[in-house]
Every structure is written in structure tokens, then in C-alpha cells.
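According to TrEMBL, the transmembrane segment annotation covers 7-24, 224-246, 266-284, 291-307, 313-346, 366-385, 405-426, 460-479, 500-519. Look at TrEMBL and you will find 30-169 tagged as domain 'DUF4131'. For 203-477, the entry in TrEMBL reads domain 'ComEC/Rec2-related protein'. The domain 'Metallo-beta-lactamase' annotation in TrEMBL covers 531-709.
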Amino acid sequence: MLMRRWCAIYVIGVVCCLVLPRLFNVYESIAILALACVCFGHRYSRELGIFLLSICWFSCFAQWQLNWFSNSAATVQEHSIIAQINSLQSNENSRFFSADLIQFDQQHFFIRKSITLYIPDLTSPLSAGEVVYGQAKIRPLWSMANPAGWDQQRYGFSQHLGYQLKITKLSAIEGSPSWRSKVFQRSVEMTQGMAQQGLFLALTFAHKALLTSEIKQQVKTLGLAHLLVISGLHISLVGVASYGLILMALRMLQGLTGINLAVKPIALLVAVIAVCGYGYLAGFTLPVRRACFMFCFAAMLLLWQRHVKAFDLWLWVLALSLLIDPLAVLSGGFWLSFLAVLALLFIARNRPRFKWPKPWCWLRPLLLFCSLQFAFLLLLSPLQLHLFQGVSALSPFYNMIAIPWLSTLLLPAILFMAILLFVLPGAGMWMQPYLDRLLQYSVEQIMVWPSVWVDVSQQMWWLWLGVYCSALLCLAFYLGPAMISAQPTGIEKGKATRPLALSVFGALLFCFAHQLYMLRAKPLWQVTVFDVGQGLSVLVRVGDKHLLYDTGFARSAHFNAANLVVLPNLKRLGVKRLSHLVISHDDNDHAGGKDVMVQQMPIDTQWHSHPLGSEQFCEANKSINLGQAVGTFLTVKGFGVGNGRNNNSCVLLLDFGGWRLLLPGDVERRAERKLVKHFADALQAEILVSPHHGSNSSSSAQFIEAVAPQYVVHSASRYNQWGMPKAQVVSRYFEAGAKQYNIANTGMLTIQPQGESLQVVRYRQDSSFRWYHMALLPFVP
């Protein structure tokens, strides 16, 4: 009982560290440690001591893993490094690698540091296990910060990635590929003819780079993405199958020879070896590591013949996992896996128990499996909504089909063929076309399944429904046996009263709170500048009308700002339709996500400086209607500014009645002079998005004087190669008396009226003031 309480308090302490505004330095850590020791000296304050130790250990561990460089800021100085590659070779990561840092200048790491390595001038492919020598520049991990979408900084920290290194001079590559890399390369060569080679490699080596983006998107919307991530389900299948096969073989051997063998311990040992071997092939990623650890821990308890309650085992493994790696608390997959196991234990413990008629006994496990899928949907939906901004409503039905199919057929066949390819290559190659047909058939079926993906924008209704369903589920679990049988064999009816009452009360309270939240007064208008890195995307809302100015960058059809940032945040804000989409010009950092936006979001009118098809030209003096706001284009294309795309940008002035916003795109000094000459009286605006991200080729003194902004927003990435916003530009706006905000430092920025003034909300500092969204301070001041 004491161990359970201490483990629970430790877990709570580590979870509380998610809301810390910053990590503790060495002096603060010593003070907390001393206070914890004092608490341990008193019987009634030991729990407080455990709590203090947990937050102290978390902070020290995070500093040790993420903040090992003496200067936490980026530096132009080059450093000599030695690093070992971890990434498997592929076309997708030909220049970016995950690696372990062995030596940094004269500092040798006894426990290697995880880094992201960028090698721009790589001429030959690298494989896992090879060692790189060279000169590199270092910078702290920093990413875009928005309420919805991919949080790369948080994910990187959960993987112990605190810094990114860019190789400027590659001196040498030594060492040989690891055994895993050699096996991977041979598997790639031997499965070249498979149409579903990517699926084979994903379920064997946890290598998803060769999976098509269509498959990835479809399994996500169906709620089946967990099946393509090697984790607890896959590890458990390998462990249980290995244990069962070895146990059966040993018993047969024992029966034939009469030799007395320790059958169960040997089978358990072989199962542990099989699990660890599969984990090694999968690269011992964090989910694989956790699953292997849990399996080995359970096997150890079985060998010792210790009887432990299932919940205690779950809590011990959770606490021990967070003790070994406290940063795992940042990983959404960590919580999904542990909460799924907890839901499984809860349902198995509290399921209705009554006597089935003998002809129908076979239905019991089937109904239990089906009820588990629906329970997972209800119990894990809040976390999934928080992590993915949506949930698949039909995932229980699809999992009822996909999990048995994967467990009994696909995964055993894939692993069996993988073994044959190395033990009996001829047999493996003979089996390959049959497995490929099976994989192809599976993919074809999945691709035609309809998906019902519920976005967070609809969460008010769906969360209410989810809460009510949770209450009904609680009612069914606790009162169901009493309704079915006069003498239930499960939980007694009297014991269900308090949990049921609490569930119903919580559901009603939740609904009431959301109703009050929905009835709150909304500002008349709102300007949101998304953090899209080195690029621009601005959303303007006036009443129920929405205008989007630019869409950010695009690296590929699926890796672009529209998919990563803009669309998730539009859905979060409840934007279902755009009244206007304005593309200032065709540069990638402004128009990269245009095609994605047009495909996935209904748009009434599109504007462009070089219109094609249904797009309209943002001609000077042309007005647009946006609810109670009036927009006017001040584009100077054709005013003698040349043919450059920057100077021909769509310039838009929005008047909200008392406050004005100027969106000038990437205009430079030549266009600024024309703007001042032709629209001097109309240029004045309280809010300005700086031209060309704060480049010194723009924001001339004459232009700043004409606009006279009170608030200036610079949309640029933190470590961009051009150093934007330039110091000279910042100085000019400072001399003009304007308040300046750099999206690289603030994250997503929201501006809205508040009485007679404006309210500026910075995502990093105001909305999500968390240590993992800020630059890490040195451990030793």
C-alpha cells in the first residue's frame, strides 16, 4: 500500500512538471533537494518529500539531457564533433540524421547525447553505426509554436533532442554499419519487387519512410495509426507467440525423451530474447523500449512467482519508466499506451459477470473484445482530441477487424518471412509474392473504408456526447449485472452508487462549463498571425467572416505549412469556410500551401497578384467586404515597380472602424516609394505586418513615417539564414515608437480589441508559458 502511494505521488510530481514555466537551475535544485530531505525526517510529510524529489529529478534530468552546451544560444562558431549515426539509410533522410554525439570539441560524453545532424554536402549515403568526424555549427532545438498542429519542439525534447548540428566540413566517415543496418539493407534489396515493401519494412524495422502518404493519412483517419507503430501490441504478440511455441515444443520434447526440463522458465527466457531481438530490429524507439521493459518486468515477476495485482504492476512500470526517463512525460504516445492498458485493466476488472448458457459461452470473449474497442474510444477520446485535434468515430469497428487480422495473420507472416530471408533465402523469396498479395489486399481494403473524422472544431457537441456516453458506460458496467441477474457475480449494486453519481455529476458540470464558455462575449474582430517559420500566414476574423492572407511554405505535397499549421489551427478556431484567400505573390514561403488550402477548405473568393483560372487580380483601389470591416487593395503592380514578384505583392489594408491593419506582403523600397506617392493618405495603420519579414531591403524610413504603426509584427524563423528581422529595421521601428513582436520568439500572435486599446496574446509567453516552449536557461547561472 505504501509503495503504491509513493509511486502515485512520484508520477503526479513528474506530470506537474509539464506546467513549469522554466527548469530549475543548480542552486534551486539543491534547495528543493534539501527541503525534500527535511520532509523525509517527519513521518507525515514523506509524501511531500517524494513530490519534491520527483520535480527536482525531472528538472535535473532535463537539464542534463537537453542543456549540455555551455551557451544555450546559437553560435556562429564552428566546433569539432564526433557522432555516430542512428538513422537507417533512406531517400527521405538523405541529409538529416538522428545521431549520438560522442565528442564535442574536447568534451567526451560517457553517456552519449542525442542530436539531429544535418549534412548538406553529403556525397555518399550513410548508414546506422557509421561514425562521422567534422566541423559543425550548433543551435538549440527550436520550432514553430501554435496551439494546434505538430509541436516539433515538445516531440524533440521527449526524444532527448536538445540541439541541432549542421556539418560545415565533413572530415571523415569511419566504422561499419551496425548489424541492424546491414539486415535492413539486405531486406530492402531482397524485397525490391514487393508492391508493399514499405509496409513490410514498417512492421519489421519501424521504418515508415517508404510508406506512401496516402496510406499514412488513411490509417490515421480510420483510427488505425497505432497498428503501424511498433509498440505494446506488436511486442506482446511476439512475446506471447514465442512463449507459446517454445512451451509447446519443450513439452513435446519432454514427453518424447522423458527429460525433466524447467519448461516455463526456459520458454519465458526465450520469449524475452525474442522480444528484445524484435525491439533491436525496431531500433529500440521509445514505444518499443517501454513495451520491452514492461514485458521483461512481467516475465521477471512470473519467474519469481510473485503475485502482484494488475493495477500495482501497471503503476510500478509507469513510475519506473518515468524514473528512468522523466522526459517521456512529454510524449503523447507514452500516455496513450499507458492509458490504453489502464482502460483494459479497468474494463476487465469491472465488466458485467453473469452466467452464460453453455451454447453461448463462446460469445463471452468476443463481446469482451468488442466492448474494449468502444471503451477505448470513449476513455481515450479526450486525450486524442488534445493530441490530434480530432478522433475517428468509427475506429472501434475498424479495430475489431484490423487487430485480429494483424495479430493472427499479417504480423506472423511478415516476421516469418523476414526470418526465412536470412535462414532460408530460397524459401523466403518463394513466400514473398504470396505475402505481397496479402499485404496488397489488406491495403486495398483499408483504402476503401469510409472514415468519419471528427475535428476539434466540433468538440462542443461531441465532447458532450462523449461525457454522456461515459456516464452511460459507467451505468452499464456497474448496474448492468444487477439488471441482468438477481444475483450478480460481479460488482455489488451498492458499491456502484458513488461512482455512478460522481460520473453523472461530472458530466453535467462539464456540460454547464462548456455552455458558459460558448456564451462568453467574443471580440468584434481578431487578427491571428500563425507561426509558420520563415514565411507568412495571417487569419483575419470579423464576425463569422474569415480572410486568410498567404499560406506559408511547402517542402512537398504533404510537408507544408498548410497541413502542419494553418489547417489544424483553422479547425481548432472553428473556421469551416473562408470568405477570402489572398495570395500576395508566388514565393514559396507565401504561396506554398495554396493548393492544399484550395483542396481542403471551401473558399468564396481567391485573390492573387498573378491570377490564374478563377482567381481575381488584387487590383489597386478594389474593395472587398469582410463583415463589418472594409478591405482595400493598394497593390502597386503596373505602377513602374518592375516585374519582380516581391514588389508586385498584393497589399491589403483592412479597416475595422477605429483600427486598421496593413498587410504589405514582400514589397521592397521601390514599391514602398510608389505606395507613399499614390496612397499616402490611405497608408496609415495601427497594426503592420512588416514588409518582407523585416528585411533591410524594405521598411524604409519614408514608409514607416507614412504608416505610423503602433504595433509591428515580424514573421520570420528564429535562425533564418538572412538574419531577419534586421537590426537596422528593428531600430527604425523602435525610433518610430512602435511595439514590435517577432513571431520566432512569441509563437502564434493574436491581436484583438479590448476596450479602447488592443490586446496582444503571445502563444509562448501568455497562452502556453511552458518550459518546453521556451529557450532553456543554463543549469549553472
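Residue positions begin at 1 at the first shown residue.
A Cβ is built for glycine as well, from the same backbone N, Cα and C atoms used for every other residue.
What you are looking at is a predicted structure, and each value in this text was computed from that prediction instead of being measured.
When Cβ-Cβ distances under 8 Å to the transmembrane segment (266-284) are tallied for each of 7-24, 224-246, 313-346, 366-385, 405-426, the top count falls to 224-246. Across the domain 'DUF4131' (30-169), mean pLDDT in this model comes to 86.
When each of 313-346, 366-385, 405-426 is checked for Cβ pairs under 8 Å to the transmembrane segment (224-246), 405-426 comes out on top. Under DSSP, residues within the domain 'DUF4131' (30-169) fall into helix, strand and coil as 42 helix, 45 strand, 53 coil.
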